[in-house]
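Annotated features in Swiss-Prot:
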type: BINDING; residues: 19-26, 83-87, 138-141; note: GTP binding site
type: BINDING; residues: 26; note: Mg(2+) binding site
type: DOMAIN; residues: 10-205; note: domain 'tr-type G'
type: REGION; residues: 19-26; note: region 'G1'
type: REGION; residues: 62-66; note: region 'G2'
type: REGION; residues: 83-86; note: region 'G3'
type: REGION; residues: 138-141; note: region 'G4'
């Protein structure tokens, strides 16, 4: 029995199961927790299928999503695993980023091969920037014909290649059900799958290693000291006496120096990703900076007004619009901390977008917003969320 010791220093990786309905995503998730629990009992608890399947509701950017989070460890890594039971839940999660993925396990039933949702999930994974996909060919115990299973594997590889994923990614034949029942051969298959996950999904770049960015939530003046901007550091690290740049909302950018970093009324040497801090800025007046701008490492982020996005539009039942929208729709786009009005252009051949649809759109904002590809936003009408999306391409 291999002993793995608990280390907080293990790399932490977020993964998820994706694929067509009834191909066994949730069963596989349960099988992984059971197999790893049996292999490293002191590191893992086992989660039954129905515990995962009854996914709790979460609200993310005003959208309700059913999603299950389980965690487990291999010898090498600590994993947080998300499983969205319904197809609509999966799409909403991918677009709103309720649960970010560093990699995904694409579950394909060997008995069926790739199905419409398989393709849709892989396409979405590409659009929302999931870095890596590997494959679990599930229900492999139910296919005796080696040629048939090889054919399915080829189809899956073609599907990955078509979306620029690694077509040589591991494809592991598993039977989640048999593994849950304790069948030795198939337990081993799930262990092999997790070895492949350990080896092939790259270590994520930690937020603290990326260039500094903090969205401005509030601005106030401290008499005798100057102007303070507050917010939660989104990524990177900022040190006292470092130069920063204020970007977005207004034309041009402003450079300044951080003369102090405060958290909970204590002075710090630095603020890092995840911290809620106040930054004291040299030579900046209260009216020079406003909510909705971002403070960044100079030259790392630029303001833009024109972009393409992939969006999910809430259905009427979810509190969204009751009617479709058409070309030149003008809602507000909520980026990080503020709303900016924009004009929507629909893709060629799309007349209208119905509540409950997901679609690509092009947007022209009336004010520039600091953005990178992958940035998420909500679509709002008078403060009410009617959709969510992410930037897929920046034009200007």
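Our numbering is plain: 1 for the first residue shown, then up by one each step along the chain.
Keep in mind that glycine also has a Cβ here, set from the backbone N, Cα and C atoms.
On a predicted model such as this, the values are computed, not experimentally measured, just so you know.
What Swiss-Prot annotates, mapped onto the structure for a quick look.
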residue : record              : Cβ contacts under 8 Å, 6 or more apart
19      : GTP binding site    : 25, 106, 107, 108, 117, 118, 121
22      : GTP binding site    : 109
26      : Mg(2+) binding site : 17, 49, 52, 53, 68, 83, 85
84      : GTP binding site    : 16, 55, 65, 66, 67, 68, 90, 92, 93
87      : GTP binding site    : 21, 117
140     : GTP binding site    : 110, 149, 173, 174, 175, 189
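Helix, strand and coil counts from DSSP across the region 'G1' (19-26) read 2 helix, 1 strand, 5 coil.
According to DSSP, residue 84 (GTP binding site) is assigned to coil rather than to any helix or strand.
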